Amino acid sequence: MSPERPRRSIATVCLSGTLEDKLAAASAAGFDGVEVFEPDLVAAPWSPAELAARCADLGLSIDLYQPFRDLDSTDPERAARNLRRLDRKLDVMAALGVDTVLVCSSVAPDAVDDADLLAEQLAAAAAHAAGRGARIAYEALAWGRHVSTWERSWDAVRRAGSPALGLCLDSFHVLSRGGDPAGFAEVPGEKLFFLQLADAPALRMDVLQWSRHHRLFPGQGAFDLPRFVECVLAAGYAGPLSLEVFNDVYRQADPARTAVDAVRSLQWLEEELALRCPQLGLPLPPAAPPLTGWSFTELAVDDVSGPQVGGVLAALGFAHTGRHRSKPVQLWEQGPHPASRARVLLNASADRSAAAGTASVAALGLESADPRRSAARAEAMSAPVLPRTRGAAEAELSAVAAPDGTEVFFTRTGPDGWPADFLPTGERPGPGAGITGIDHVGLTQPFDAFDEAGLFYRAVLGLEPQEVTELAAPFGLVRTRAVTGPDRAVRLALSVSALRRGGWAPGVPEPQYVALATDDLVATARALRAAGAPLLPVPANYADDLAARLDLPGDLLDAVREHGLMYEEDAHGGYLHLATDVLGDRVFLEVVQRLGGYDGYGTADAPVRMAAHRRRRQARTAGRG
Ligand code: MG
């Protein structure tokens, strides 16, 4: 018998749009079922029976009706009225064909604090449900008036002793209050009626605001969801893994896209569970093969930006070594040995919606230990391999699209690999200016794609998201998060404006950069200056501040001043770096040297760099005018 995965469900409240939009998106992404969020039903044109038929047509079960609020009351009259309200909802549930209703702990002023009275009222409600063949899943809201912990909700369910009353465990409510899922072991499996999953970033704030604005899909935040679910399954839960995520972005983003992001979060979570709990016999997707380095970075260019970027690559010591057999793509290389060589492709054929004269990062070539398995892995993580047109005698290359549209290629660079697609120009790669490879690529994410991107690189490529940091940049707060392989052979620095930009946007719009590695930045900088590379000037104030903060050797400080270098440190080492001017309105190049075990991306220096880029843009604009 082949192992079975848990059923995948999603609350309709996770998705933007009307109920029609939400169901279509959930079905297309491959969910098995939905939780029907009552306000979505109330606003829908369908009767409950028609909704049930629509879900059946789409291959979706209805797994939960939610939420029923403020059931218990210290006012006997109101308690009786709440039971009558419950009866009406049980009618709706019967027409929907769903047998479980979520009752969340009351937040009302008349909520019951007395444990016995609460149990008595829950038991009465469960009796109403049982009479209709239904059952109640009781959930402790983290901000419930008297019941705000799962332990308290379990105490009420246990006291009530009703077979039609069980628990709904919601990872956000438990983990946001520091609850320990190990305690679920004391709950009999048949009392675990439902499981709702949400991740969240590590924030210190009011739990209601945290829940309402910042929930994330599993694998996007800071909660240990694999352990949480492991504890729930170990206690005997056998229902669906259901997502319940409220988030300012997902509330307004394209639901079709959100649903794919959501299903990927469960695909990732299921793999984590399969690895942690082999006894469960869960199916495993193809493992992500190790990514051993960069084969290339591809920039989309046009007639204006192509020659500009090519000229700067030449000044940086690159040689134009190849011309693609069938497309207007140039190969530029630097480094004497194929194993430590930086490669940049300039592609003038990419589909372009960008303004004339723009250059942008179009594709990343990553060396995979097994490109075919990388592609199979991507398919298993809801990232379909992109269709490609390929000429005769051209290498087979699989690529997937990252959330920001960047294509990610899985390559093996060898004599028979993708470089064979390029006809030699006669130029040979040499030592150039001492650049030995690509250290990392920095990509500004579209506002809506930041969390999605972290999960994409984690689930599809097997890269690990690092800590989220925020920096106060000259034109607004910027949030950054790197994703890296375990050995750091591949690093990506993702960033996003913490708020949407308004009309005043003086900085480089959605900047991208390619950070090139050198073993001796001072020597490289000297060579670049001699070759006339357009290096970004750094204010003298920067070097003065550096000298005040750190006890740096005099010759290093001299080099910082002389060449406009930047330097920062973390707990493991130091980082020397420089940047070029912006090329084609969006992209710039960095040259970086890691000292010791430095593991960052020069983020602390980014505001200085941004201000300098702004100054250069102003100078250029003034020159044009
Ligand atoms: Mg919930």
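Just so it is clear, glycine is given a Cβ too, placed from its N, Cα and C backbone atoms.
Nobody curates TrEMBL annotations by hand; they come from automatic prediction.
When E120, E139, E271, E272 are compared with the divalent metal cation site residues D170, Q196, E244 in TrEMBL, the one appearing in that site is E139. Cβ environment of Q196 (divalent metal cation binding site): A11, E35, E139, C168, L169, D170, S171, F172, S242, L243, E244 lie under 8 Å away, each six or more residues apart in the same chain. Secondary structure at E244 (divalent metal cation binding site), as computed by DSSP, is coil. Taking the Cβ of E139 (divalent metal cation binding site) as centre and 10 Å as the limit, one finds 25 other Cβ atoms among all the protein chains shown. In this structure, the binding-site residues D170, E244 were compared by how many other Cβ atoms lie within 10 Å of their Cβ, and the smallest count belongs to D170. Excluding E139, D170, Q196, E244, which define the divalent metal cation site, the same chain contributes L102, C168, L169, S171, F172, H173, F194, L195, L197, A198, S242 within 8 Å (Cβ to the Cβ centroid), listed in sequence order.
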